[in-house]
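Chemist: Following this message is one structure expressed as structure tokens.
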Amino acid sequence: MAVSRLDRLFILLDTGTTPVTRKAAAQQLGEVVKLHPHELNNLLSKVLIYLRSANWDTRIAAGQAVEAIVKNVPEWNPVPRTRQEPTSESSMEDSPTTERLNFDRFDICRLLQHGASLLGSAGAEFEVQDEKSGEVDPKERIARQRKLLQKKLGLNMGEAIGMSTEELFNDEDLDYTPTSASFVNKQPTLQAAELIDSEFRAGMSNRQKNKAKRMAKLFAKQRSRDAVETNEKSNDSTDGEPEEKRRKIANVVINQSANDSKVLIDNIPDSSSLIEETNEWPLESFCEELCNDLFNPSWEVRHGAGTGLREILKAHGKSGGKMGDSTLEEMIQQHQEWLEDLVIRLLCVFALDRFGDFVSDEVVAPVRETCAQTLGVVLKHMNETGVHKTVDVLLKLLTQEQWEVRHGGLLGIKYALAVRQDVINTLLPKVLTRIIEGLQDLDDDVRAVAAASLVPVVESLVYLQTQKVPFIINTLWDALLELDDLTASTNSIMTLLSSLLTYPQVQQCSIQQSLTVLVPRVWPFLHHTISSVRRAALETLFTLLSTQDQNSSSWLIPILPDMLRHIFQFCVLESSQEILDLIHKVWMELLSKASVQYVVAAACPWMGAWLCLMMQPSHLPIDLNMLLEVKARAKEKTGGKVRQGQSQNKEVLQEYIAGADTIMEDPATRDFVVMRARMMAAKLLGALCCCICDPGVNVVTQEIKPAESLGQLLLFHLNSKSALQRISVALVICEWAALQKECKAVTLAVQPRLLDILSEHLYYDEIAVPFTRMQNECKQLISSLADVHIEVGNRVNNNVLTIDQASDLVTTVFNEATSSFDLNPQVLQQLDSKRQQVQMTVTETNQEWQVLQLRVHTFAACAVVSLQQLPEKLNPIIKPLMETIKKEENTLVQNYAAQCIAKLLQQCTTRTPCPNSKIIKNLCSSLCVDPYLTPCVTCPVPTQSGQENSKGSTSEKDGMHHTVTKHRGIITLYRHQKAAFAITSRRGPTPKAVKAQIADLPAGSSGNILVELDEAQKPYLVQRRGAEFALTTIVKHFGGEMAVKLPHLWDAMVGPLRNTIDINNFDGKSLLDKGDSPAQELVNSLQVFETAAASMDSELHPLLVQHLPHLYMCLQYPSTAVRHMAARCVGVMSKIATMETMNIFLEKVLPWLGAIDDSVKQEGAIEALACVMEQLDVGIVPYIVLLVVPVLGRMSDQTDSVRFMATQCFATLIRLMPLEAGIPDPPNMSAELIQLKAKERHFLEQLLDGKKLENYKIPVPINAELRKYQQDGVNWLAFLNKYKLHGILCDDMGLGKTLQSICILAGDHCHRAQEYARSKLAECMPLPSLVVCPPTLTGHWVDEVGKFCSREYLNPLHYTGPPTERIRLQHQVKRHNLIVASYDVVRNDIDFFRNIKFNYCILDEGHVIKNGKTKLSKAVKQLTANYRIILSGTPIQNNVLELWSLFDFLMPGFLGTERQFAARYGKPILASRDARSSSREQEAGVLAMDALHRQVLPFLLRRMKEDVLQDLPPKIIQDYYCTLSPLQVQLYEDFAKSRAKCDVDETVSSATLSEETEKPKLKATGHVFQALQYLRKLCNHPALVLTPQHPEFKTTAEKLAVQNSSLHDIQHAPKLSALKQLLLDCGLGNGSTSESGTESVVAQHRILIFCQLKSMLDIVEHDLLKPHLPSVTYLRLDGSIPPGQRHSIVSRFNNDPSIDVLLLTTHVGGLGLNLTGADTVVFVEHDWNPMRDLQAMDRAHRIGQKRVVNVYRLITRGTLEEKIMGLQKFKMNIANTVISQENSSLQSMGTDQLLDLFTLDKDGKAEKADTSTSGKASMKSILENLSDLWDQEQYDSEYSLENFMHSLK
């Protein structure tokens, strides 16, 4: 059954997989109110259910829905009554002053004394609900309680993981003694709502009494309905919902009243309880409901109520409580009283709520926090007196003993201060004392809120309460002493302290000596486990330092050594880039504020230790003696709460460089973060070296100057044999030299040594272990050879082998030695095995050494270049730098070398001889080394790797549709398809997302970029990436002087372009004759151009623009590779010089698309457009209008490559089209283009907005009056015709798709005939059209054409019959202009049909070709037609891939190849639905869905019956449950024990295990299908399975014979009994008589009976109708009836009302037929595919039906059938979400409209989930049984004060 669009939006609120999806659904609900204001209360009543949901996401989404809805409700501002006007009766009744709560009667202390606490819940969910509990045996009751309690606590999974839960609680714990009512009444607490009503209200007004009466009337019916709603809504979150509850709501009634066209589906709450009174604010009743919910025992309901009220008041805070027919003064008073009433309710929540979430490091009280935000919104609109009264009550809460009450009070004050800054002068003095007490509270969560409450009013605090600030500052400093890793208030206190210290006044009032004592209190937080605390600590230090000048920093001197040590070791241990940058900022500020002498004195003793820390090996823990330990004072707790683990002693954790949390990362990632930490440490020490080398501290009279000491220290480490020591010192020298131009003492000490290092080849200490292992293994190998009398000792060094000698040993020496001896094969095998082991060790050792050697030489070279004292010979410097560019896998090292090369080139510009040209040439060669990026002219795309070839020819053909040759093809298209092939071919789970701390890697790279690459590609990628880093760095370094100072680079970019291309006389043939060499040179030049241009200084952009004509000429170069590179360069140019590039492109290049005689031009132009679109992304939007139509024209191009590329471009443009509206014309656009743009925009408006379509006047008479929506459909089809487009008309079944198609067919044939008669042009020549449909409908189509249109205009040929008949008909085709044939006939005669060019090809029920791999689909796609139209009421039946096949017929390539489609849409969508998916993957899935919907939107037209047919009677669907007969039960149970069932279990299990890697075997799947078929047949009738071959047949037959029964008695088939009763109830078969007493000729009801199987129809006919209901007349329509005769049966049934019943199979009778003669539909069986059942029932429920249609579905209870119905509902959600009513009005598609397609990836998972609890449970299933709250990030987002304040603006 169809779910309405509105219901789907609500379903998304609850089940949307991402917050983005839920928010989009919420926004669309707001749009509904905008268009249908009268639906306000209906919508709000539905939203209320979701505000009460147990699911956090659902409540937040419901709050967003409330926000979206109320934003579209006009502000309530009734016209005030003047004092002279008489008041209405209703307002006379009211007494506003008495009906509201007010402060005068409110006593918060009394409430605290007598009110019951509001906890997480009332505990009702843990009670056993059993009306007969008194009669049950106590043991049974306890057993049931135990089971229920285990389930609720998530302990029912214990046994599955081998954990016993029996002893957690015993029977005595569960037994209870009923408590007498009198005892309960003596309890001193009352429910909050009761207490408020009884104690604080003065009485009820007349209006309230009247309202109470109305509510009482509604209460009875609402109570039962609420129960049902609650059960229904909790199904998702409650696993153990009893089956009986679900069945209560199984009967679904679709009701449609005469004056309302909306369809009501499922249980919709009665909105009458929320109907507003005429003089009331429209939202009054809804707010009252929410106010009542504030005191619900369940925290989730309270939270939802607070959320709803907050959103309403943001938009309508000025309207609450106002009554119409009141004076202005009365309205103001009513408003303030209403606000006061609400404030008091919120204060009661603060007082009584005790629920808090302790999941994270800080308590989050969702109810109190949300109510505090709501209070903030209320106070915004309250008068000043009310604000002060509110604050007075909040202050009373701060005096209470319970920490939760104080916490709530401070939350209220926090938002009050933030919102009412206008009265801060009076508010702040009132509350400040209490807040300061809060800062000293024993409870750390209270302290956290107290600190947070002052952050937004820091400025006011400093200026208004200056005298209190010193005390607050001291309090905060003292609080730092009490904080530790587990305290909650750390972040808030650090933030407040940092905020206060930014004000000079605060600095002045701080005593200098005190900072010396206070600042060290920050040290522990530099090493805090939570990054936000570390950040806050650094920001506090930076604030302290930046607000001081050097003269007033005396407090810094005593603590300077410790501060330097803490910050440096913090740097070494940190892994976050953001925090590392902040460390550098604080360090530099510290060095600038402290005197140089003091810095040198403090730092020099520790310089050596710091260098050692920086040199720490990455795999070894740091010696804790080298770290300055931080001792935080232990916090003594005397009250409040203690978190788990707070009292435990902390373990001493091992520390590693770059953080212990990264130690388990993969080697590439770990190497990246460690190198980043070393480089940052080098920056800090480099800055420190500047201080040490300062002339002021290096006085001549000193014995030992600091600079000289530094030089000696650095030299000591450079003389070490450790690679890490050398690398670290070289890095420090680089950073120091970058900051300070010259320091002779250090330079003289280290420069010679650095030059020596560049020529040294050492075996470093770091490879000692593998080197020693290599020596030992080599000696063992030599010894093993000696054992078999092979002496090799004389050929190798007997002492220590070098790596080269070891390598020779295991290759040349070993092979020569063994080959000269005749060894036993077994001995030789053993020796070779040892050799391979040694060879592996040698290779590993060599690789480690090579990496270290290269890095040592590279950083030494960088140091020499940084010192700016280059030696005479530059080769030792240049060589390692270039090698790093070519070979280094760590991007940080490559980047460092790239920066050094840029500096080297700068220093060498004036040098003779100058090495720059050689360096540039080498870099350009390296840049072009990757054939995947820089194509080779002779072979433009690299040959397929063996891996792809191994996939087999079929998959390769499927994935790589486009072939590229030397002269033809589009490389961009090839790469898109190859990428899609790679993505869809990848097996296994999606790779994990890169963690946050390594996410900030250089663009285009990551720490683990080489993990998934083919080993053969890896060197190319590394070398190309290094060259790219180097060239972009060089270009940025030289800026605007690049062309002058580096003429060789400029020439490499544009030289071949100028020399090869003559823009005035371009001759492709002569270029071809010159051979491949100039073309390859041009390709390489363009690669350099692309790389360098993107980073070039804007001063050089005009020079680049001068070469645009050359680039455009290259787009028609005969070489594919040149065209490709030129297209990429045009793309880059469009990004850096958009206006100039696009103007020339539109004027010169875009017209080439129409050059159908020159495919080279077309390929170049379309590839360039693709590259421009890729580079500009949304920047292309201003030009879209001018691009769409030319691209559209190429979507049917004869050249495959052009067609595929054009469809891809068009698909992208279509998605961006909605953004085009309102974008101004780009500057400097020519007048011609602006004029053309206006013309093309008209087309776009029609494409995107169906309402702007031109009305199409059908030029031929049609014998029917078209309804408006049918005329709209014809207009749409005519629009497609005009622009040579194709589409899917997917109107709901029964809306006249056939008629609309006939109209456009007849109209276009007439138009073509007239045009041809006038012009005689070949393109207007009359052509026949083809309609392909299911065989049942061919006759129907011919009749419909004859009925609606004269043969003069459409002359159909019914092409059917056996082959000989069809051959005869083929000769008649020329005499007809319309051929109607079935799909099978077209498939069989495709050789005939493919040779005819058709005008229209219409596929009726076109979803038949949903599987593109069937012979039928392949045949249909061979048809040639000007226009292709698909008619289908259900274009998507199971999954989204079906849509690809339909569009592959309409517009091949529009959605890419099947693999591209799967890569772009299928893979992300599937990944986003995986339980393990990251938030990034979920977002990608949502965006993919949005992109797909947007892309296909203009080519789908969808209207639903309930939207367009006001006169169609309702359709009522009812499920009719039957219970299995004893015989069926026996057979069902026998099957459950059978071998067949075991086979199925094994198959499903193996399929589950293999689903990540491969699909289950076909044969195994067949077992499952057979088993399912068996059970389905058994549910229908035992005779269908109990055949003579059945093992139980004989026994059963004998048993029945004894009982005088047979297998065909209807008592054994409850469905037949139920069907008989239904027929009798409909007045059939019981000899029904008319009112006159005579037997009625025509029955009151006529019935369609649908079965799946022909054999079941036989049973219905022979076992039920003939023996039991002989008077029932019936016809039959199934597969046994020849297609040619089926139409006559349909006509006879429709035209002869005396035929009571039509028996049909769903497959034959469920498509396209018009059976409006029936008004009742019975499904004896159900289809796996819900669309088929839907189509079947709509045979009767369609245009022409005058009576209510009743649909009965016979379902056997508790069997497979119930699961089939559940599966149907799931698939319906898929189809309705993709192809929705939005397609009826294209303008309704906003950028935030998303689709939520899949919740499962294939059918079997639903059942699989149910069976997964047997045996050992997976961790996933255990976790799913436990409920939890949102994580901390989500809380931060929801309760961010900054976000909240922004939302009030």
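The backbone N, Cα and C atoms fix where each Cβ goes, and this holds for glycine too.
Dumping what Swiss-Prot says about this protein:
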| type | residues | note |
| --- | --- | --- |
| BINDING | D1291, D1292, M1293, G1294, L1295, G1296, K1297, T1298 | ATP binding site |
| DOMAIN | 1278-1453 | domain 'Helicase ATP-binding' |
| DOMAIN | 1636-1790 | domain 'Helicase C-terminal' |
| REGION | 77-97 | region 'Disordered' |
| REGION | 219-247 | region 'Disordered' |
| REPEAT | 426-463 | repeat 'HEAT 2' |
| REPEAT | 513-550 | repeat 'HEAT 3' |
| REPEAT | 818-855 | repeat 'HEAT 5' |
| REPEAT | 1102-1139 | repeat 'HEAT 7' |
| REPEAT | 1182-1219 | repeat 'HEAT 8' |
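Quick one: how deep are these features, and who are their neighbours?
Modeler: Here the repeat 'HEAT 3' (513-550) returns a mean pLDDT of 81 for the predicted model.
Taking H, G and I as helix, E and B as strand and the rest as coil, DSSP gives the repeat 'HEAT 5' (818-855) the counts 33 helix, 0 strand, 5 coil.
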Chemist: Could you pull out which residues elsewhere in the chain have a CB under 8 Å from any CB of the repeat 'HEAT 7' (1102-1139), counting only those six or more residues past its ends?
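Modeler: Sequence-distant neighbours of the repeat 'HEAT 7' (1102-1139): 934-937, 940, 964-972, 1043, 1054, 1057-1058, 1061, 1063, 1066, 1068-1069, 1071-1072, 1076, 1079-1080, 1082-1083, 1086-1087, 1089-1090, 1093-1094, 1096, 1145, 1148-1149, 1152, 1158, 1160-1161, 1163-1165, 1167-1168, 1170-1172, 1174-1176, 1179, 1226-1228.
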Chemist: When you average the Cβ positions of D1291, D1292, M1293, G1294, L1295, G1296, K1297, T1298 for the ATP site, which other residues in that chain have a Cβ within 8 Å of that mean position?
Modeler: G1433, R1742, I1743
Chemist: For the repeat 'HEAT 8' (1182-1219), how many residues does DSSP put in helix, in strand and in coil?
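Modeler: Split into helix, strand and coil, the repeat 'HEAT 8' (1182-1219) gives 35 helix, 0 strand, 3 coil.
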Chemist: Residue list, the repeat 'HEAT 3' (513-550) vs rest of chain: Cβ under 8 Å, 6 or more residues beyond ends.
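Modeler: For the repeat 'HEAT 3' (513-550), the list is 361, 477, 480-481, 483-485, 490-491, 494-495, 497-498, 501-502, 504, 507, 556, 558-559, 562-563, 566-567, 570, 573-574, 576, 578-579, 582-583, 585-586, 589-590, 592-595, 630, 632.
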Chemist: Determine which residues of the chain contact the repeat 'HEAT 8' (1182-1219) at the Cβ level, with the cut-off under 8 Å and only residues 6 or more beyond its ends counted.
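Modeler: Distal contacts: 961-962, 968-970, 972-973, 976, 1142, 1146, 1150-1151, 1153-1154, 1156, 1159, 1162-1163, 1166-1167, 1169-1170, 1173, 1225-1226, 1233, 1236-1237, 1240-1241, 1243-1244, 1247-1248, 1283-1285, 1451-1456, 1491, 1494-1495, 1497-1498, 1789-1791.
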Chemist: From the DSSP assignment alone, can you count helix, strand and coil residues within the repeat 'HEAT 7' (1102-1139)?
Modeler: 30 helix, 0 strand, 8 coil
Chemist: Near M1293 (ATP binding site), how many other Cβ atoms are within 10 Å of its Cβ?
Modeler: 22
Chemist: Could you tell me which three-state DSSP class K1297 (ATP binding site) falls into?
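Modeler: In the DSSP reduction, K1297 (ATP binding site) maps to helix.
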Chemist: Which residues, sitting 6 or more apart from L1295 (ATP binding site) on the same chain, put a CB under 8 Å from its CB?
Modeler: Y1269, Q1270, R1503, K1505, V1508, L1509, R1742, I1743
Chemist: Far apart in sequence but close in space: which same-chain residues, 6 or more away, have a Cβ under 8 Å from G1294 (ATP binding site)?
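Modeler: Spatial neighbours, sequence-distant, of G1294 (ATP binding site): K1505, N1714, D1738, H1741, R1742, I1743.
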Chemist: State the three-class DSSP label for D1291 (ATP binding site), counting H, G and I as helix, E and B as strand, and everything else as coil.
Modeler: coil
Chemist: Sort the residues of the repeat 'HEAT 3' (513-550) into helix, strand and coil with DSSP and give the three counts.
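Modeler: Tallying H, G and I as helix, E and B as strand, the rest coil: 31 helix, 0 strand, 7 coil.
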Chemist: What does DSSP give as the helix, strand and coil breakdown of the repeat 'HEAT 2' (426-463)?
Modeler: 34 helix, 0 strand, 4 coil
